[in-house]
Structure formats: C-alpha cells, structure tokens
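> Pasting a structure here, questions to come.
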Amino acid sequence: MAVKGSTPRSSDGGSESSSVPRRASKKPRYSRFTQQELPACKPILTPFWVITTFTVIGIIFIPIGLASLFASQRVVEIVDRYDNSCVPKASLGKEIGFIQNSGTNKTCIRTLTVPKHMKSPIYIYYELDNFYQNHRRYVKSRSDKQLRSRAGERDTTTCDPERSTADGSPIVPCGLIAWSLFNDTYKFSLNRKVLDVNKKNIAWKSDKDHKFGKDVYPKNFQNGTLIGGAKLNASIPLSEQEDLIVWMRTAALPTFRKLYGKIEADLEANEKLTVVIENNYNTYTFKGKKKLVLSTTSWIGGKNDFLGIAYLTVGGLCLCLSISFILLYIIRPR
C-alpha cells in the first residue's frame with residue numbers, strides 16, 4: 001500500500017527524476033549593474049540648473065575660443081597656386097598633353113614674398129584640390145600585409161589594377177595609392193643661398209614603426225608603360241620612404257594638404273623666397289588645383305580659424321540662452 005505523499009521510485013531503487021537531464025537555467029547571474037540598481041543621479045531640470053549649466057558652458061567655451069582664434073591668427077601662412085602658372089603660354093588649353101609629354105621642360109620658378117616674420121620650423125605642404133582619395137576603389141587598392149612584411153610580398157589580391165607585372169611578378173608597393181604618389185618637387189633659395197629642406201620625421205612614427213616594414217623594398221614599381229607618379233629608391237626600405245608613408249595616409253576630403261618637409265631657418269618680413277618647382281604631377285586630367293603652402297604653427301597646430309569661431313559661437317549661444325532663461329524666470333516665474 002502506497003503511503004500518501006510518498007515519492008514513486010523506479011525499479012532499480014533510484015528516483016525517476018534523477019535520470020532526466022536537468023535543463024540549464026538561462027537566468028543571468030545577479031549583479032547590481034545588470035539589474036540597474038547602481039546609484040544614479042537624476043537632476044531635476046529646474047530653472048536654477050538650466051541657467052547654471054548654460055552659464056558655465058559659456059564661461060568655459062568663450063575663453064577657449066578667444067585663445068584658439070588668437071593662436072590661429074598668429075600663424076603665418078604663404079599659399080601659392082602654381083598649376084596654371086607653371087604651364088607655358090604655348091600649352092595653355094593643352095595642359096594634359098603638356099604634362100604627359102616626358103620631353104617637355106617642366107621646371108617653373110616662383111617668387112614668394114614673406115608677409116611677416118616666420119619662426120622656424122617652417123612647414124612645407126602641397127595642397128591638392130578635387131582629388132578624391134576617399135573613393136572606395138582607390139582606398140581599397142593597397143596591401144597592408146605587403147607593406148608590413150616581406151612575407152606578404154605576393155599578397156596583392158586587393159591591389160587591382162596595379163598588382164603585378166606582365167610576367168606575374170608582384171609590384172611592391174602595389175595598388176593605386178602608391179602608384180599615384182605625388183611627384184612635384186620644390187627647391188628653395190633666399191638671396192641666392194639654398195635653403196635645405198628637412199624631410200626627416202614628416203611621417204607619423206606609428207606608421208613608420210608598425211605599418212611599413214624595414215625589410216620591405218620597392219620592386220617592379222613604376223616600371224609599366226603608364227607612370228602614375230613618383231618613383232621610389234629600390235635600395236631604401238619602405239619604413240624610411242617618408243614621402244610614400246605620408247601619401248599612403250589617405251585624406252577624407254577632396255581638398256587636402258600633405259607635409260612635404262621643413263625649413264629649419266627663420267624668414268623675415270618682406271624677404272623674397274625663390275622656389276624652383278618641377279611641375280610633374282598630373283592634376284589637369286581631373287581639373288584639380290595644386291598649391292604650395294608654407295606655414296608656421298601654434299599650440300593648436302596650423303591655421304584654423306574655424307575651431308575658435310566654433311567655440312565662440314557655442315559659448316555665446318549658451319550665454320544668450322542663459323540670459324533669456326533668467327529674464328523669462330523673472331518675468332514669468334513658475
């Protein structure tokens with residue numbers, strides 16, 4: 001006779017439930033973070049808090065904006081567009097034929113007037129316009145494995161159309177970005193004295209140390225019938241070819257500047273700087289502009305009025321809103 005409330009047992013004397021696999025619980029482990037039980041600050045937006053917040057933001061942003069704008073105004077900059085000026089009168093209207101003809105003399109001499117005292121180092125940039133380095137096909141046309149190590153020399157699957165030679169040998173560095181390397185050159189002189197251009201440390205240290213290998217050397221580069229840009233010294237590893245490293249860091253916007261070098265000498269106001277330019281780079285095909293830029297720097301970098309204006313605008317707007325809320329609170333208190 002079964003006892004009421006007793007648990008039925010199997011024939012082998014064990015519990016029936018013991019043979020049934022136990023379902024794993026999906027309940028998460030308890031923690032105050034997952035259960036949102038941590039202390040939280042939930043300020044009530046009273047007039048006091050709103051007015052105080054806007055006032056503090058305005059007081060902080062306006063001095064930062066003034067300091068940034070003042071620093072930017074102290075930067076001395078010389079900008080010279082030369083793509084049209086460096087084409088002979090006989091070739092005006094036929095710029096593409098001129099730039100593609102390897103037999104024409106592309107040397108151009110420009111004279112720049114220094115507007116104010118320029119303290120060294122003076123940074124030299126080239127500026128390109130209407131050049132879409134952010135185009136998807138262009139950005140993808142490179143092999144980071146190949147750039148980083150000799151072991152990845154044949155990793156060129158992403159480099160079309162500049163991945164290999166006619167006999168199948170890999171191009172190093174491969175891809176459209178490297179192929180289109182900027183190849184205009186600049187030589188500077190002041191009062192018939194040559195000014196040396198320092199091209200060391202113009203690239204990011206992280207790029208030199210981690211993205212471009214010390215054992216990777218140019219191979220089969222710019223050996224085809226169609227030359228895109230500058231050639232590379234086959235005896236120098238990619239980690240030391242800083243012009244290439246600077247160029248390979250693609251720009252996000254169609255108008256951009258890239259560092260060419262530095263002049264380690266002061267320039268005085270009204271001095272005449274002579275620049276000998278080799279106008280080699282073809283921007284005429286896509287109607288682009290080329291500019292030479294010489295610039296000093298400040299604690300915020302180069303000339304950038306936008307940053308200071310943005311801070312002043314936000315700070316001024318916050319102060320105006322603060323005053324508006326004060327008047328509204330006085331006139332119509334709740």
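Easy rule for this one: first residue shown is 1, then count along the chain.
Each residue, glycine too, has its Cβ placed from N, Cα and C.
When I checked TrEMBL for this same protein, it listed these features:
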type: REGION; residues: 1-31; note: region 'Disordered'
type: COMPBIAS; residues: 10-19; note: compositional bias 'Low complexity'
type: TRANSMEM; residues: 48-71; note: transmembrane segment
type: REGION; residues: 142-165; note: region 'Disordered'
type: TRANSMEM; residues: 309-331; note: transmembrane segment
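Looking at the shown structure, what environment does each listed feature sit in?
Sequence-distant contacts of the transmembrane segment (48-71) (same chain, six or more residues past either end, CB-CB distance under 8 Å): 298-300, 304-305, 307-316, 318-319, 321-322, 325-326, 329.
Shown for the region 'Disordered' (142-165): DSSP residue counts in helix, strand and coil, namely 8 helix, 1 strand, 15 coil.
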